Every structure is written in C-alpha cells, then in structure tokens.
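Take a look at the structure below.
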Amino acid sequence: MGDQIQFIVAKLNQEPFRKSYNLISFDSLESLQLLQLLSDVLGEIDPKHAVDIREELPEQTAKRMLHLLGILKYKPPGPVSDLSAFRQGLVTGSKSVIHPVLHWLLQRPNELKKRAYLARFLVRLEVPAEFLQDDTVADFNKQYEELMEAFKNLHKEHEQLKISGLSTAEIRRDISAMEEEKDQLAKRVEHLKKRVETVQNHQRTLEIARQLRLEKEREESLAQQKQEQKSQLFHAEQRLQRARVQLKEMQHVVADSKPESLMKKLEEEINFNSYLVTEKMPREVESKKTSVYFLQKVAAEPAVTPADFPALESEINETNAQINQLIEKRMMKYEPADSKFSMYRQQASIISRKKEAKAEELQVAKEEMSSLERQVEQKSSQAQELEGSEVLTEDE
C-alpha cells in the first residue's frame, strides 16, 4: 500500500496535474477532495469528465465515474460480489476504493485516453427490434454500422501510418521534389502567358476561357444535384408505394369486414392473448426458473470425474425406484379402479397439451405471415422499379 501511494503522489506531482503533495498531505485528504482528485484524473483521460463535483449530486458523480470506468474496463479488486460495496465506497469517497482506482489510472494514461476516445465512436447503440421493422430506421441503423466499420478501418490505417512513419530524410526529399515541380510549373505558366499575349484579343479569349471553366464547374454541380434529387425521388417513390400497399390492405379489410366479424376477430385475438398471458407464459417462466435453479445447483457442485459415474448412476436408479413406489402407493390410495377421475384427468391433460400445441402453431403461423407480407411488399416495390408501373392486386 505504501508503494502504491508513493507512485500516486509521484504521478500527481508531474505534468499535467502539477500537484504538490507529499505522503502525509495526500493521506490526509478528505473524501470530497479525493473524489474531486479522481474526477480530475478522469477528466484528463476524457475531457467530458472535467467537472466540479460540487455541482453534481453524489449519485450523479458515482454514476458518471462508474460509466467511464466500465468503458475503460476497470475491474475492482476482490470478488464480483463486492461491486455494491465498490459503488458505495465511490459515493462516500472511501480511500480503500479510490486509491486503487487512481493507481490503476495513472499507470496507463495514454492507453486509457485512446480507449476513451474510441469508445465515443465504437460503443454500439442498441436499437430495439420492434423499431428496426421500420424501413427508415433500419436504413439509418445500417448506415450507422457501415460508418462504424469505416471508422475502425481508418483508425487502423492511421495507427499503422503512425507506427511506420516517414523519416525526416524522406520528407525532405519529397519537399525538394515538390519545389522543383513548382518551379517547372511556374516557368511553364510564364511561357504560356507569353504565347497568349501574341494572340489577337487575348484578353477576350482569356475571359471566354474563364467563363467556360465556370460553366463546366456549374454543369458538374448541377449533375451532382440531379443525381441527388433522383436518389431522393427514388426513396420517396418507394415510401409512396409502401403507403399505397398499406392503404389498399386497410381498404380491403374495411370493405370486406362487418362489425360482427370484426368483433369476433377481436374476441379471438383477446382470448388467444389472454391464454398466452395467463396460462402459457407463466408455465414457461416457471419451467425456465426450475431449469435455472437446477443448472445453478449443478454449477455449484464440485467437478465430477469419471470415477464418480458409477455411484451417480446407482443413486439415480435408487431414486427412480423410490419414485415409482411412491407413485404406485399414491394411485392405490387416491385413485381406486372404479374412479372416473383418472380418465377425466387424462382427457384434461390431453386437451391442455393440444391447446398449447395449437397456440404454438398459431404463433408460428402469425410470424410466418408477417414475414411473407414483408416479402410481398419488397417484391412489389422491386417489380414497380423494373416495370415502371404498379403491380395488379388479386381483386384488380
């Protein structure tokens, strides 16, 4: 611990912090001063964190620092179960928490600066799946991912260029070669000026040449604008086509539907969703909880070796035999032969399984129908782009 504090004090007394601490003055810092010192070090790594903690609530300060430390991949010393204690120590400005953080940060400032800089561009924004169903959001998300990949490649090239680096002699040779080219171009321009001055009405010719160059530049700009407007028109036509398809589908549904059929359809939908919420989903949740419990129990057990297999198999066989005996006793005690409850229970179980299987089939069919509708919409849009006219619907 003494070596750790000596290292922290030595680093803080150097650039860019320029503190004037010694071991005694550093150790006597209060919790608020320690927190401000930690915030200053984090602000040197990421300028966004160079703030006065007196202007923040303690929870905001802890949340901000924890977020940056998570990006920098700092792991608190001790077991993972002490994360709550680490957070509490960060809020209260505990020396046992802040000193190791300062020691870790001051050991690798350049590496952490690079990591914080890259995190601004490479920490992916998670878009919910339901939002990605919208084509515009999906397009923007795709562009976002492409730009992120492009940034990664450019950063790698930049790092390679920094590592390789051109020598001073090579740079000087390049500068000399460019100066020679500049002199040659200047001589050539002077020679061309002399030739032009011998031409009749050379000023008028130069003016016409200048206007021609301007018009060519304007033509290139207009061609670029035309291309951009074509692209915008294409996307607008796609959106219009999708809107028309949706409108026709809605009109078709409204035209062919009566209030009674709509109410019946809604009732079926409500019954299906109620069954999912009240029966199917709770059973699945309980099943998953049971599986997780047994998996956790198995994970907590010591490792099993091949020598343990015979004993485990024997234990399993004995347990199965006991279960069978208990089942027989229960059947003899609670379900006599002349009782009809057993038959009813079996029928109810069969019906319940059939109902659950049909619910699964219905859910799969709905997902498949949604996927097919999206494919139909895409094919219609592609057909319209190729043919130049709208595809006829089934009614038409």
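Every residue, even glycine, has its Cβ placed from backbone N, Cα and C.
Record features, source TrEMBL:
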COILED    137-253  coiled coil
COMPBIAS  367-377  compositional bias 'Basic and acidic residues'
DOMAIN    3-126  domain 'IFT81 calponin homology'
REGION    367-396  region 'Disordered'
What same-chain residues lie close to the compositional bias 'Basic and acidic residues' (367-377): Cβ under 8 Å, and 6 or more beyond its ends?
242, 245
So what's the average pLDDT for the domain 'IFT81 calponin homology' (3-126)?
82
